[in-house]
Each structure stands twice: as structure tokens, then as C-alpha cells.
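Notes follow the structure.
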Amino acid sequence: MSLLAIGINHNTASVDLREKVAFGPDKLGPALEQLREHEAVNGSVIVSTCNRTEVYCDVKQGARNKLIDWLAQFHQVNQEDLMPSLYVHEEQAAIKHLMRVSCGLDSLVLGEPQILGQVKQAFSDSRDHQAVDTSIDKLFQKTFSVAKRVRTETDIGGNAVSVAYAACTLAKHIFESLSDSTVLLVGAGETIELVAKHLASNGCTKMIVANRTRERALGLGEQFGAEVISLNEIPDHLPRADIVISSTASPLPIIGKGMVETALKKRRHQPMLLVDIAVPRDVEAQVGELSDAYLYSVDDLQSIIDSNIEQRKVEAIQAEAIVSEESAAFMTWLRSLQAVDSIRDYRKSANEIREDLLSKSLQSLATGADPEKVLRELSNKLTNKLIHAPTRALQSAAEQGEPAKLTVIRQTLGLDDL
């Protein structure tokens, strides 16, 4: 029994190679089935995302090259092209790597939480294909526990490091409750969709989506229960908005100073937060001159993000310490399991010797033999049988000139305590 992790990621491989070695939905099932039947593999999990492809296995000794061969052959990739980008971790290094990955410590965005969900899904997929053995099951369950501990004891995921998340975090800081706020989202691209997801997860239920093409906006409207309007309708709905987050590809500003000024008057000068994450800008810079309008540009958010990245690096130090501690503890536990079979076999052998000699002694007593003589013979034979293997080991170590081995055997037998 040995743990092995092989893979490539955004740090080691190009997008082109990552695409070739990815396990899409059509490949994952067959791959897990092949690993389940592989002679060198006891259990496996495949983690495949846009930034990494990794195979975690409980393998028999000497399976490293066999697993690398399998990966290259499965994807029909030349091994010479794969090897420079491939990393291999064994035993505790494999445990530590999985824990680091699941905690977001090996991610493109340090501390990002999405990877944990992806690892959990990978484990679930493997279990569905009966590819998980006891060691792999215990490893991943422990990893999920460690990831939870890292999130609880550190703030590695508590600081916004994406523009979309930073925009929502800023809104949360200014408005105590997003559930009471109306948010106008200008645009309907990936960034605005991500913003909407963050807003919804923080309790925001009143969203208005304004977009040039209504079809795309309707999709977001259905997904988040948002009202849908055209860009031309923004002036009519702007007074309702406590928060405006804009990200379009418009070459010219969509929201001007006069439009916001009019909206503020209709709002009786209740404050309005405008977060412009578009380049070029969607909101005229002069809007920031209005006393009740708080305008933040993508550059303002970037400075927040840069500061938060540095804070995450500080939190990562503690997270790394937790991972080191937990991976070492798990490895110790795993090694103790490896002794279970040997202990079981040793006890079985001793019991068989005892039962055999006891049976013969009882037969002797039944025929009228002297009890004292029978007991002495039993004790002598039992002693000789039980010390036979250790005696041979001591003799072999001495004859082969292996003092270190001799010392270990003496310590094991407790001879140094005599």
C-alpha cells in the first residue's frame, strides 16, 4: 500500500497540454473504470479542472512508472511531451499536496474556495464508479476536514481577490444588509453573472439587469429572479438603485453625471454606490464629484485586491503550518495501518502453535501421563516454537554483519531492558 499523486497544473503546463490531458465528462468514467481494473492500483480519484489534472492513487509498490504510462496512453500523448510538465508526489508528499490543493494553497488565485468543491465532486465521481478503497476514502475525508479547519482558523478566503467579488464586498461594507438594497447590474457578461451570484449568496433579492441585448439579460433574470430592462431605460430605473455595478463593452460611458444627479434628487439624496468595473469606463468620472454618489473604478478595486492578496499570503503561512501538521499526522496513522496485517498474522501464528501444543498435551493427560511432566514438556516446546523465528533473525543479522539490524531486533525483543 502506497499513496501516489501525479499531475500537471497551471504552473507546470501550457493550456494546450492541459487541454490534451483533461478528463472531460466523456472520459472520466472510462478512466476510473480502467484504474479500478489496473493491476497496480487499489483505489483512485481523478481531479480535473481547467487549471489542473491530477490522479491520486493507492498503489502497489513500484507502480509509479506504470501510472505515468497509463496517463500518457489514455490521452494518447507522447510521454516525452508530458514528462517535463508532470509532477509526482509519493506518500506524505502526496498527502500534503492534496491538502494544499483542497485548501486553495496551490491555486492560481491563492485561497480560492471553488477548488474544494471540485475535489469533493471528483471524490464523489470516483466513489460512484467503485474506484475508492479504504486508504483513498480515509485520505479524502481527512482532507475535507483539514480544509474546513483551515477556513475556520485562518482568514485565507475572507478577502476579495477577484473584481466581481471585490465589488460585492465593497457593497457589503457600505450597505449593512444587501437584502434591503436594490442593485442595478449594467451588462450581462460573465463578470456581471459572477457579481449576481455573489450578490444572491449574500441575500440580495432585488436586482435589475440592464443590457443592450435583451435575450442575454433574460437568462440572468430567470436565474436570479431579476427585473430586465434595456440600456435606454436606465434613467427611469436609476432612482430605485442603491447600488450600481456596471461592466459592458461600450466604447462610451452609459451613465453620466447629469443622469446620476437627477436620480439622486428623486432619491432625496439617499446615497448611491456606483462600481464601474468596465474598461473603457461605463460611468463618467465626474459622477464622483457628486456628494451623495460614491464612485469606484476598476483601479480602485484593484488596489483593494492587491492589498487583500498580501493579506491572504500572510494567512497562507498559518494554513501551510496546519497542512504540514495534519499531513504528518495522517502519514503516521497510515503507517500504523500497514502493521495491522503483520500483527494479525503474527498473533494467528502464535495461537496456532499454542492450540497445537495444547491439544497434544491434553491427549497425553487423557492417557494418564504425569501432569507435571506434560506441563514441563508443553512449556519447553512452546518456548522453543515461539523463539525459533526471532533466534534465526538474530543469527542471520550477526552472520551477515548487520549490527544496525541486530540492534533493532534486540530492541524489538526487549533484550536491552534486561
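Cβ atoms here come from the backbone N, Cα and C positions, even for glycine.
Taken from Swiss-Prot as is:
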- Cys50: active site, nucleophile (ACT_SITE)
- Thr49, Cys50, Asn51, Arg52, Ser107, Glu112, Pro113, Gln114, Gln118: substrate binding site (BINDING)
- Gly187, Ala188, Gly189, Glu190, Thr191, Ile192: NADP(+) binding site (BINDING)
- His97: site 'Important for activity' (SITE)
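Features as recorded by Swiss-Prot, highlighted on the structure.
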residue	record	contacts (Cβ under 8 Å, 6+ apart)
Thr49	substrate binding site	Ile115, Gln118
Cys50	active site, nucleophile	Arg18, Ala22
Asn51	substrate binding site	Asn9, His10, Arg18, Ser107, Leu108
His97	site 'Important for activity'	Ala5, His89, Asp106
Gly187	NADP(+) binding site	Ala210, Asn211, Ser246, Ser247, Thr248, Ala249, Ala278, Asp282
Gly189	NADP(+) binding site	Arg216, Ser247, Thr248, Ala249
Glu190	NADP(+) binding site	none
Thr191	NADP(+) binding site	Val163, Ala164, Ser247, Ile277
Ile192	NADP(+) binding site	Leu185, Val186, Val209, Leu220, Ile245, Ser247
Exercise. To the nearest whole angstrom, state the Cα distance for the pair Ala188 (NADP(+) binding site) and Pro113 (substrate binding site).
Key: 24
Practice problem: Using all protein chains in view, find how many other C-beta atoms are within 10 Å of the C-beta of Ala188 (NADP(+) binding site). | Solution: 26
Self-check item: Residues Thr49, Cys50, Asn51, Arg52, Ser107, Glu112, Pro113, Gln114, Gln118 binding substrate per the record - widest CA separation, whole Å
Solution: 15
